Amino acid sequence: MDEIGLESSSLSTPITTGSSTPHNHVSASNVSVVRSFTPSEESQGTSPIFDNAEEFEQMTFSAAEALKAKLTGLDDFTFKRKNSSRTTSSRIFSRPESPLKKKYIAETGYTSTSLRKHDDEFDTDFADWSMEGTGRRVAYDNFTTIDWIHDFAKERARQRKLRHQKGIGGQLRLIFDAMEGWIVVLAVGVISGILAAVITITTEWLNDIKEGYCKTGFYLNRKNCCWGYDDDRESCVEWVRWTTAFQAKSAAAEFWTNYLIYIIFSTTFATIAAYLVKSYSSYSTGSGIPEIKTILGGFVIRKFLGWWSLIIKSIGVCLVAASSLCLGKEGPLIHLACCCGNIIPRIFPKFRYNEAKKREVLSAAAAAGVSVAFGAPIGGVLFSLEEVSYYFPFRTMWRSFFCAMVAAVALASMNPYRTGKLVLFQVVYDREWHGFDMIFFALLGIMGGLYGALFIRMNLKVAVFRKDSWLRYFSVQEVIIISLFTSIVSYLNIYMRVNPSELVANLFRECEGGDYHNLCNYTNHWEPTLLLLIASILKFFLTAVTFGLKVPAGVWLPSIAIGACFGRAVGLMVHAWQKYNPGFWLFASCEPDTECITPGMYAMVGAAATFGGVTRMTVSLVVIMFELTGALTYVLPIMIAVMISKWVGDAFDKEGIYDGWIRINEYPFLDSKEDYVYNTLASQYMTRVEDLMVITATGHTLESLDELLKDTDYKGFPVVNNVKNMLLTGYISRSELRYAMDKAKKKPGISLLSPCYFSNLPILDSTAFIDFKPWMDQTPITISPKFPMEMTIELFRKMGLRYILITQHGQLLGLITKKDVLRHLSAIRHPDVVNSEDPQEQPKYMMLSERDLTNDFGTV
């Protein structure tokens, strides 16, 4: 779709009036108004004001009498007596489309898939909507932006009507209405915790099945099968390894048996996940966090948080996490929690029919997702506030905290690891850090920032190539090839072969209570150090290529694992340095005959640095790491490493991995963290009135409005008093205009020549007419042409606006849409590419480019 009410010079020309039919829509650049209306023969015999002839014979109710009666009989379109037989159904559903209707849609370009009213459930009196002035709305179409101001106004009208109810019943309804939000977040937290526990248990079993099976119960993983054994790998007789099952005798036979079994299972798991995504739910791919940020910003993506996404992603994330792909399950847990936050509120009408209220629940659900992913409820609340939430009032913070707490309690009650820990890599340190450690922590921060910048750039380039090349047609085959290659490479390095969660847990912990793959073998430092460096480098390239495949997975755990491997390697090198040179001046603070260096702490700091370099998280990341370790002493080193990582990463590009994916997917998202400091005015970037297609308040018929919608594809139209003075009356969107017209056509006596009014209603005219005023936004946001562009962008960000009208003394001068702001910011970020003469390069850096916006995303 094109901009709201804008006229593209290359696609359309101003509509002029003809001699046979009244064309009353006008272009400001071609001022011509013709009002010709002749009542049809149908309207002359029986008054169309009433639903049937019997009602007309009983009483005549003119427009003047309706106004005198304080508009108590005002219907959606015509002045008439209120129909006493009107039902109280909550919604009006559209009938199945006939072939004729489908042909009409194809001819007119009207692509709305829903003709039901958005707010019939709480349909208040007309006086309420006149008081608010925002007009009535139909359901939001897919790939459109919600109207935050209207949804808040609708909630105020609902609350006002609820408070007017008297008696004990009214008080009970008020109490239950206040409890609904807490009931919803309670249910979301409980289900999210249980779902995360089930996914964790399933993933553990799938990981262990690559090594063997439990003969006492095939459904048991190795830990549960060998419960009670000190060393479950060697002395557990209930756990049967595949080498034993296939009777491999020699060492070579054992190696190749384990190698082939590992490759077969890993590739099979990834293939099944890719097939499920392609066949049943394409929205289940990736982590879902970029889409969740966009949805919380007001964008509508139908089915992304639906049942199929919940089911397929729950199954797929288990398979992918158990495969050899360098992907994790922590990011998708946020998507799954938000699916619960979208499905559960549907039982309460105030959330089901109000998109703004629903997004408050989604913010709490995102906090619950982080809570179950890392066992960090406080970090989850901060993550929702810092990273994903667009609108975060005080009540949403408390509900997010409650939801995250309940999710953590539910996960702890399930105890998926049988250790009492919420996550596998939760550790506790009891050693102090020294001043010289800060030098190496700063080094890890620098490496984390460099890693993040390089990873984002490389991953986005691969994603753009995958999106624009022939690879997009072979998503399953691509997963098979990459999974096969990754499993072949990963098995040869022990630190790439094991489960990433188990690897991170052992990289974080201190060397007490046993060794883990020579990590605590301090007599030979260089072998594990070299393997860790190789693992971190290979994981970097594999993750950069793998993240973006059509499978459910995230990038959090791989980034943590890469940073932990590199940090542990640095820790081992520093430990060896101190061990063989204890008298060096740098280690003067180390006490003799005691362990001075904690390599596990270096792994923790390295993991935080790389995690921050990729996501550009700060406060929430530090709190998450603090909740993982439980040691307040190590908060300062983590803070320093995270800040240095962000500074280094921002020196290359300020966008994180999710912001980059939002850009290449062309989602309409305005980042509240980005500053605009250029000294420009709104008039410099508005679409001027000469290029606008406007609607006059009077002088229209259904036929002329039909032709307007047929000849244009704009998402809305400014309404002016007349084209001479261009005094702004309001704004009506295409969806509301189409719905109102379709409903009016079903009224008896209404013809294509029936007059339509957006204002200046006829008082004494007894002719049937159609009133579109209830569906028009009578109080659109307007600004002066000298209003700073910086403040204009803040209005779009803080108020969630879709458009702003530019007026001076009430006269319409121009219009700015959200897409204009996004294009403007893209031009600032990439001026060389946007101004380039190469048409192939511009869309890559233009958010909401003209290339795919019409077919894929609609108009903002």
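Yeah, the Cβs are placed from backbone N, Cα and C, and that goes for glycine too.
What TrEMBL annotates here:
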- 1-27: region 'Disordered' (REGION)
- 7-24: compositional bias 'Polar residues' (COMPBIAS)
- 181-201: transmembrane segment (TRANSMEM)
- 259-277: transmembrane segment (TRANSMEM)
- 304-325: transmembrane segment (TRANSMEM)
- 361-385: transmembrane segment (TRANSMEM)
- 397-417: transmembrane segment (TRANSMEM)
- 438-458: transmembrane segment (TRANSMEM)
- 470-492: transmembrane segment (TRANSMEM)
- 530-549: transmembrane segment (TRANSMEM)
- 555-575: transmembrane segment (TRANSMEM)
- 596-615: transmembrane segment (TRANSMEM)
- 621-644: transmembrane segment (TRANSMEM)
- 686-747: domain 'CBS' (DOMAIN)
- 776-833: domain 'CBS' (DOMAIN)
Legend entry - seg_contact(the transmembrane segment (438-458), the transmembrane segment (259-277)) with at least 3 CB pairs under 8 angstroms, min sep 6: no
Legend entry - Remote residues contacting the transmembrane segment (596-615) - C-beta distance under 8 A, at least 6 residues beyond either end: 387, 427, 429, 431, 433-434, 437, 440-441, 444-445, 447-453, 455-456, 504, 507-511, 519, 555-556, 559-568, 570-572, 574-575, 578, 587, 590, 621-622, 625, 628-629, 634, 637-638, 641-642, 644-646, 648-649, 656-658
Legend entry - the domain 'CBS' (776-833): DSSP-derived helix, strand, coil residue counts: 26 helix, 17 strand, 15 coil
Inset, instruction - Report the listed stretch (181-201, 259-277, 304-325) having the maximum count of Cβ pairs within less than 8 Å of the transmembrane segment (361-385). - result: 181-201
Legend entry - Contact call for the transmembrane segment (181-201) and the transmembrane segment (555-575): at least 3 Cβ pairs under 8 Å, seq gap 6+: no
Legend entry - Overall pLDDT for the domain 'CBS' (776-833), taken as the rounded mean: 86
Inset, instruction - Using a Cβ-Cβ cut-off of under 8 Å, list the residues of the same chain that are 6+ residues beyond the ends of the transmembrane segment (259-277) and lie near it. - result: 206, 209-211, 242, 284-285, 312, 315-317, 319-320, 322-325, 475-476, 479-480, 483-484, 486-488, 491, 497, 549-552
Legend entry - Outside the transmembrane segment (304-325), six or more residues from its ends: residues with CB under 8 Å to it: 195, 198-199, 202-203, 206-207, 209-210, 262-263, 265-267, 269-270, 272-273, 276-277, 280-281, 283-284, 288, 291, 295, 332-333, 335-336, 338-343, 362, 482-483, 486-487, 490-491, 546, 549, 551-553
